[in-house]
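Colleague: Annotation source TrEMBL lists domain 'Aminoacyl-transfer RNA synthetases class-II family profile' at A:22-314. Taken from TrEMBL, the feature L-histidine binding site covers A:Glu83, A:Gly84, A:Thr85, A:Arg113, A:Gln127, A:Glu131, A:Arg258, A:Tyr262, A:Tyr263.
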Amino acid sequence: MANLFQSVRGFNDVLPADSAAWQQLYRIAGEVFAAYGYGEIKLPLLEHTGLFKRSIGEVTDIVEKEMFTFTDREGDSLTLRPEGTASCVRAGLEHGLLHNQQQRLWYAGPMFRHERPQAGRYRQFHQFGVEAYGMTGPDIDAEVIALSARLLKRLGLTDVTLELNSLGGSEVRKRYREALLEFLLRHESSLDADSQRRVRSNPLRVLDSKSETTQALLADAPSIQDAFDDAARAHFDGLQQALSDLGLAYRLNNRLVRGIDYYTSTVFEWTTTQLGAQGTVLAGGRYDGLVEQLGGSATPAVGWACGIERLLLLQKALGVEIDSSAADVYFCWLGEAAQREARKLAEQLRDMVPGLRIVLHADGGKLAAQLKRANRSGAAVALILGDTEVEARTVQVKSLRADAAGASAQQILPWPELAALLAGLVK
RNA sequence: GUGGGCGUAGCUCAGUUGGUUAGAGUCCCAGAUUGUGAUUCUGGUUGUCGGGGGUUCGAGUCCCCUCGCUCACCCCA
C-alpha cells in the first residue's frame with residue numbers, strides 16, 4: 001500500500017491487460033488515415049510557451065490555468081503541449097509544408113493539461129488528430145468528418161451523435177460576438193455565476209452553459225445564423241449537402257462553440273451519453289486564421305482531434321471485442337537435455353512460422369506446474385518435451401481448449417511436422 | 001481551483017457501543033498425482049489497517065492534520 005513512489009497524479013500506466021486494446025486502436029486508426037491519403041507527422045511534446053498562448057488564446061482556460069509550463073536551464077519558458085494543432089501548424093510553417101500547398105496530415109500522441117482528473121479526463125491523455133491545409137471549400141470539411149465517422153465505426157463505436165454548427169468565418173464571428181456581448185451585458189445580472197465570469201473573457205462560451213436559467217435566457221439571444229454573410233451561408237449549406245450525400249446523420253446545434261479561440265467557421269463534435277460528464281469523444285472545426293496568426297501566409301485549414309482514452313472507455317462501455325494478445329503456444333520441458341532442445345526448437349519455430357507467439361517455459365518445475373502456467377497464459381496449445389521425446393525426436397502436442405469437439409486432445413508429432421501444425425494457430 | 005464519496009492482504013471486501021494474537025473469498029505456493037492444466041481435496045504464505053499526531057489502561061474503530069484515489073463542478077478530447 002504505502003509504496004515508496006507513485007506515479008504523478010493524472011499520469012497513468014497502461015498495463016498489459018489493456019495494451020492490446022491500445023494497439024488495436026492505433027492499427028485501425030492508421031488504416032483509416034491511410035485510406036484517405038493522410039500522412040503522419042510526428043511532433044515534439046515540448047514547445048515554446050508562446051506558441052500555445054498565441055494559437056489557443058491568452059484568455060482560454062487551457063492557457064490560463066491548465067498548461068504544464070516550466071523554465072529550462074537556459075531560462076526559456078517551455079510547455080508540454082496541451083493539444084496538437086498548434087505544433088502541427090508550427091512544424092508545417094517551419095518546413096515549408098503549407099505555402100501554396102495542400103496537405104493532409106495526421107498525428108498521435110500524449111497531450112498534457114493540468115486539470116483535476118476525473119472519469120475520461122487525465123493530465124496526460126492521448127489524442128489522434130487530423131489536419132488538412134490549403135483547401136477552402138466545404139468538401140474538405142466533409143472529408144475530415146467522413147474520416148472521423150469511418151474511424152468511429154471501424155472501432156465499433158455506435159452510440160455517438162454528430163453535432164454541427166458554424167461560426168460563419170472570422171468576420172462573422174467577430175460581428176456576432178459583439179451582438180451577443182451586447183445582449184449578455186443587458187442581462188448580466190440574470191446569468192449564473194460562471195457565465196457572468198465568461199461574458200467579458202469569452203462570451204461565445206456562455207452559449208453552451210449547463211445552467212438551465214441561463215439557457216432559458218439565451219432563447220432570446222441573437223442567433224449566429226442571422227449574422228451569416230452569403231459566403232458563410234453557402235459554405236455551411238455545402239457542408240450539409242455533402243454530409244447528406246454521404247448518408248451521415250448530424251444534429252444542428254447552434255449553441256455549439258469550441259473552447260479554443262482559433263476556430264472560425266465549421267465546428268463539430270461527436271458526443272456520447274455513455275461516459276458520464278465527459279461526453280465529447282472527437283471534436284474539431286475550421287481554423288482559417290491560425291496559420292497567418294502564427295506567421296505564415298493566409299492558409300485555410302480544418303481538422304479535429306479525438307481523445308484515445310475516451311474511445312477506449314466507450315469501447316469498453318459498449319462491450320466491443322478486443323483482439324487477444326495471448327500466446328498461441330506454451331512450450332514445457334523436463335530436464336536439462338530437453339530444455340536445450342526446446343530452446344533451439346522454439347527459435348526454429350519462430351523462424352519458420354512468422355507471427356506465431358511462443359512462450360518458452362523458464363525456471364523448471366514439475367510438469368503439472370508448467371501446464372498450469374500454460375493454461376493461464378491463454379495459449380491454445382502446450383508442447384511437452386521430455387527425455388523420451390528428445391530420444392525419439394518428437395514432441396507431445398496438447399490442446400488446452402476443449403472447444404474443438406472430436407479433435408484429439410493430445411498427439412505425438414515428429415519435430416519436422418511441428419511448424420506446419422502450429423502455423424494453423426496464427427491469426 | 002471548488003465540492004461529495006472512499007483508503008484494511010496482490011485483487012474484491014467484512015471487521016459489533018473502542019477490548020486480547022485483524023478476518024473471509026480470490027490469487028499464489030506445496031502435496032494428494034516423483035510426466036499432464038482448467039474440476040476436487042488437504043495444508044501453507046501474504047498486512048507499517050494510506051501517513052503523522054492526539055484522546056484512552058487499550059484505537060482498524062473516536063478527534064485533528066496530511067497524502068492518495070474517485071466522482072462531479074469548472075473546462076475540455
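Cβ coordinates are placed from backbone N, Cα and C, and glycine is handled just like the others.
Automatic, uncurated: that is what TrEMBL annotation is.
Mind mapping these onto the model and telling me what they sit next to?
Modeller: In the three-state DSSP scheme, A:Glu83 (L-histidine binding site) is classed as coil.
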Colleague: Which residues in the same chain, at least 6 apart in sequence, have a Cβ under 8 Å from the Cβ of A:Tyr263 (L-histidine binding site)?
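Modeller: Expected: A:Leu167, A:Gly285, A:Arg286, A:Tyr287.
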Colleague: Taking only the residues in the domain 'Aminoacyl-transfer RNA synthetases class-II family profile' (A:22-314), give me the average pLDDT of this model.
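Modeller: Mean per-residue confidence for the domain 'Aminoacyl-transfer RNA synthetases class-II family profile' (A:22-314): 92 out of 100.
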Colleague: What's the longest C-alpha separation between any two of A:Glu83, A:Gly84, A:Thr85, A:Arg113, A:Gln127, A:Glu131, A:Arg258, A:Tyr262, A:Tyr263, the listed L-histidine-binding residues, in angstrom?
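Modeller: With A:Glu83, A:Gly84, A:Thr85, A:Arg113, A:Gln127, A:Glu131, A:Arg258, A:Tyr262, A:Tyr263 as the binding residues for L-histidine, the largest Cα distance is 21 Å.
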Colleague: Report the same-chain neighbours of A:Arg258 (L-histidine binding site): residues 6+ apart in sequence with Cβ closer than 8 Å to its Cβ, ordered by sequence.
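Modeller: In sequence order, the residues whose Cβ lies under 8 Å from that of A:Arg258 (L-histidine binding site) (at least 6 apart) are A:Val267, A:Ala283, A:Gly285.
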Colleague: In the structure shown, which of the binding-site residues A:Glu83, A:Gln127 has the fewest Cβ neighbours within 10 Å?
Modeller: A:Glu83
